[in-house]
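Participant: To start, I am sharing the structure in question, which I have written as structure tokens.
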Amino acid sequence: MWNRLSRLQRTIICAILVVGAMSGLYIANGLVNELPDDKDTLSQQHQVFPNENVVHVMDQRHPDKDTEGHQRLDSDDDKDKEDKRLHFEQQERHERRKGNVEREEKAQIKPKIADAVRQPEVKGQKESIVGNQEEDEGIGAAGGELEVNEEKKTDVQVPDGADAGADVKVPVPDMGDSMGSQTAQQKAVVEAFKHAWKGYKQYAWGHDELKPISKAASDWFGLGLTIVDSLDTMWIMGLMEEFEEARRWVEKDLVLKKNVDVNLFETTIRVLGGLLSAFHLSNDQIFLEKARELGDRLMPCFNSPSKIPFSDVNLESGKAHPPRWGPDSTTSEVTSIQLEFRELSHQTGNDKYKKAVDEVMEHIQSLPKDNGLIPIFVNARSGQFRAGATITVGARGDSYYEYLLKQWLQTGKSEDKLRDEYVTAIDGMQKNLVKSTAANGLKFIGELVRGTFSPKMDHLVCFLPGTLALGHHNGLDASHLDLSKELAKTCYRMYADMPTGLSPEIAYFNIKDPGKPDIEVKSADTHNLLRPETVESLFYLYRLTGDKQYRDWGWKIFQAFEKYTKVPSGGYSSIGSVKDTKNPRFRDKMESFFLGETLKYLFLLFSDDPNLLPLDKYVFNTEAHPLPIWRP
């Protein structure tokens, strides 16, 4: 048929076809331009506008975001609407941000934090936040630990916050040049923290602690211990997205009026201390408000017949009582709450908190002691030490000595009686508790059990080298620094002499036979709980002496944690045997202090910046929460 057409007809038909084709291409091109580009959309969602004075953190609206950081939508139409909304919100934030730059420059945010916010997540690590389901926690009056199985836990969702999508800008206090570039070792510690946080967030969100092997949660008090204990660690490391996520949980889900018995000491050092430190670092009033409420709920502990507080209290009823296991309070517990309650008074202007804990110290100071050393039990009803109780710088005695020095420092060295008590106690240790091993002369701190010396030393004692070094730095005798270095060497040997490179919970020292090893570990004491005390002391000694040996020791300890305690699915676990490299036996527990103390001190140890939390401006509580030193 085509051949039968005239040349003119064929020309007209071809022209029509060409015009039609061109029109179709034009229309198609216009439609394509209307479609969102996935790559551009993703970059819009993650964009952090460059301003070295502002931290711009995108709110996590949905708990089940995929690893690319955006929510998968159910339809193309919804996706198009969401892309346009995000683009509009991003432009609106940018304009608002530009208008606030002059005001925000006062915050003096360093570029380091913004860089940390921009760090991409590792692909393949899908997040699943588990919310706090208070009504199902099942915590009785005794406050026992509760296991939360995975099936029940994964049904819980974190509710959207009222501030969803809000632009978060956080002021930073003067911490010197703390936001400078991180060393390679610091970056490794940050990655370890993120791995621990990933496991907690996915399997235990809102609960006290993670059980990393069973991928479940456990509750001691039901106060989100891991979250609150980690707040200042995240701030110091520059993990601002994680910090804001935790901050929202504290504001919306940290319920303090609940029918649960809590331990005064543990709640004070972990939760009250964590809230006060977070308040000081961020200047966010929500932390101070929660700290004030918690302080009030703990105050009934001080309503005892003596000046010694009861060990436990119900946060709802206010009923306080001695521990379930006996009539006495632990001496170190009632004398290691002072930094926190005094700081609460300092920040709120209400002296009742300081007065309560000062009366405790005054009463303890009035009791008879053995060369400044104290028994580990004291009765809240009689106010007297338990006769014949063990004297130790380990469990139940340790932080009494630590807080003597640190209370003196907290007040700008204005309460010399506290310093004098500390000096007397250190003299008593050197006379009665310091011994050396028969083989290699390792110095250690033993115990007095009913007046008889025992060559037993808890890993907890390894806080002492750091405290001694801090005291010497503040003008105390040179013998304190000498003892500090000797004890730090021994504490490191407790790690290095074990096959895994990790320390046992308790060690016994050979003081009789030169032909036998210095350190003996009994079968019941071979576990490691991810404790911080040794790396705490290494931090102080490196910061105050500059000797890189302490940093090298800390790196070896960190590598051992990585090798033997890291759980691939997220988190780290305490282990049952530091002697067994083939089967260290996971105990399925990640203590909150691993994130709150151990990783924080390692991060500080590996810092090249001496002004990162300078020790003339900050004093760390016994849970590693930095609190400001007051100026007289």
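Using N, Cα and C of the backbone, Cβ positions are placed for all residues, glycine too.
From TrEMBL, for reference:
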- 12-32: transmembrane segment (TRANSMEM)
- 62-74: compositional bias 'Basic and acidic residues' (COMPBIAS)
- 81-110: compositional bias 'Basic and acidic residues' (COMPBIAS)
- Glu266: active site, proton donor (ACT_SITE)
- Asp398: active site (ACT_SITE)
- Cys462-Cys491: disulfide bond (DISULFID)
- Glu505: active site, proton donor (ACT_SITE)
- Glu533: active site (ACT_SITE)
- Thr622: Ca(2+) binding site (BINDING)
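Thinking about packing and proximity, how do these listed features fit into the structure?
Facilitator: Around Asp398 (active site), taking its Cβ as the centre, 24 other Cβ atoms fall within 10 Å, counting all chains.
A sphere of 10 angstroms centred on the C-beta of Cys491 (disulfide bond) encloses 30 other C-beta atoms.
All protein chains considered, the CB of Glu505 (active site, proton donor) has 20 other CB atoms within 10 Å.
In sequence order, His459, Leu460, Val461, Cys462, Phe463, Cys491 are the residues near Glu533 (active site), counting only same-chain partners six or more apart with C-beta under 8 A.
Cβ neighbours within 10 Å of Thr622 (Ca(2+) binding site), excluding its own Cβ and spanning all shown chains: 25.
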Participant: Just going by other Cβ atoms within 10 Å, which of the recorded positions Glu266, Cys462 has the emptiest spot?
Facilitator: Glu266
Participant: Using C-alpha positions only, work out which of the recorded positions Glu266, Glu505, Thr622 is nearest to Asp398 (active site).
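Facilitator: Its closest listed neighbour, by Cα, is Thr622.
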Participant: Cα-Cα, whole number of Å: Glu266 (active site, proton donor) versus Glu505 (active site, proton donor)?
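Facilitator: Glu266 (active site, proton donor) to Glu505 (active site, proton donor), Cα-Cα distance: 19 Å.
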